[in-house]
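Student: Not my notes, these are from Swiss-Prot:
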COMPBIAS  380-393  compositional bias 'Acidic residues'
COMPBIAS  441-454  compositional bias 'Acidic residues'
COMPBIAS  455-466  compositional bias 'Basic and acidic residues'
COMPBIAS  478-492  compositional bias 'Basic residues'
REGION    376-508  region 'Disordered'
REPEAT    62-105  repeat 'WD 1'
REPEAT    106-145  repeat 'WD 2'
REPEAT    345-382  repeat 'WD 6'
REPEAT    431-472  repeat 'WD 7'
Amino acid sequence: MGKKKTSVVQSDELPVIEFRYAEPLFQFVCHPEEPMVVSALATGHVLCHRYDAELLTEKLREARKVQEAVKVEEKKQTLWTVVDVDAADKHPVLPSGVTLLWRTKRHKGSVRALAIDHDGKHVYTIGADNVLKKADTHSGKVVKKVTLDGGSKVTKLVKSATHDFLVMGDEVGTIVVLDSNDLTTKNTLTKIHGGDAINDIFQFCKRSVYKYISLGQTTLAYWDTREPKMKQPKKNSGNQTEEELSNIMCSDDQEDEILCGAFVDPIEGDTLVCGMGEGTLTVWKPKKNDLEDQLTRVKIAKGESIDTVISTLQDDNCVWCGCSNGLLYKVDTKRGKIVEIRKHSGLDEVGMLDLDFEYRLVSGGMDKLKIWEVPKEENSDSDSDSDINDDSEAGLSSSEDSDSDSELGSGSESEVESDASSKSDSDLEECTGSDLPGDIEGSEGENNSNDDDNHDDREELWKELDQPTSDEEEPPKKRSLKVKDKKNKKFKKNENNLSHGITKFDGL
């Protein structure tokens, strides 16, 4: 008797907005309390956009109605709002429902990592210049910065959702814990994954708010961000110190690269999933074997890599997986099945995932970022007023390219810090009111990163882009939480920062 074919649901859900970037997008993060998204580019620019989710959803619904009425057969045009983002464009014309709050040339070279406070008050960035900057999300001004020691490039930056510290991982497997107030170093852990790069970091709050999990090469490790109180000699498998061994627990070799991970329910912390280089999603149970090894695996996409994963935070035992084939897979981890598939891009991989303040899925690759509509069943439970018409058309016809000017304010250049070494901290452009943004001065330097071919590997871009360029700086703002008893869930979301990826750092 043959195997039963499991039917996978090809989703009819569409994005409400799509940002298309002229330069490669390396990182993005959603504000946890307001409809804002901060994006960081390969050129060192950081931009912040605000979007009106209700208006954009209404525009999408109207476009669907038009498609129904005219019965258009062609499916080449998009129904959702599209925003072209060019960091060099100082006077962008944006469609209604979208506002550019600020843009800045924050780092020399590319932006390596990006993080935000659990309340959205501050945003943290680190560039190829190894300068870590903390900026006020409301004003966009840099309030603190520090140049990090060592030549290793940072691959991951996470802000604790509960305490005032940052956790940072680099290319050689070093974890640095910093005080998020003054950016001073509090603790350092070395060679966690045998000297391999840190692919992902997330909090293990069920065990302790100080416990974190890191992924690197073919192993998973969990450790304490605090310094060990005493030496507890353990079996030495290499040249690690006793203190390190007493503070780090490492899994068995998985014989496949572990690229990303997340807890299905970050508060419960009973099930952990990891995206693998060969296209499977491995399932781990801390209570079963203390994370020594995976228990089961779910086949997602053979021959592709799972580059990013995030919980849906909907109490449905599901996670979203972003794959190198440009598809988004919703996986029921309890049943071990794919329950929904969405298409992010036909050319680019999905390298980043996040949830916005109303739990919309946000997917990002090197050329675009999409904020997806909330499914009808989820939206009806929330207290938001954005009613989404969940018709069964999957068509992509009918243009929805409203070019009405958004409200942008004139950029004000504000001297944020007086460090002689930081031109890039002085030029900020804040966009509020109805004026177009003013100029942000500062030479662009040598940024050879116009990504004409979206198939270019990130590792090649790093080589080209990690060259010192001139700096500028700018301001951010804030956003608000949803009412539906989701505050605790949002707390979960903030524990899993979404940017990831070892491949883009290879060869540096």
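The backbone N, Cα and C atoms fix where each Cβ goes, and this holds for glycine too.
As the structure is a computational prediction, the values presented were derived from the model and not from experiment.
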Student: How does the repeat 'WD 2' (106-145) divide up by DSSP, counting helix, then strand, then coil residues?
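Tutor: Computed counts for the repeat 'WD 2' (106-145) are 0 helix, 22 strand, 18 coil.
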Student: Please spell out the DSSP helix, strand and coil residue counts for the repeat 'WD 6' (345-382).
Tutor: 4 helix, 13 strand, 21 coil
Student: Restricting to the repeat 'WD 7' (431-472), what is the model's mean pLDDT?
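Tutor: Averaging the confidence scores along the repeat 'WD 7' (431-472) gives 44.
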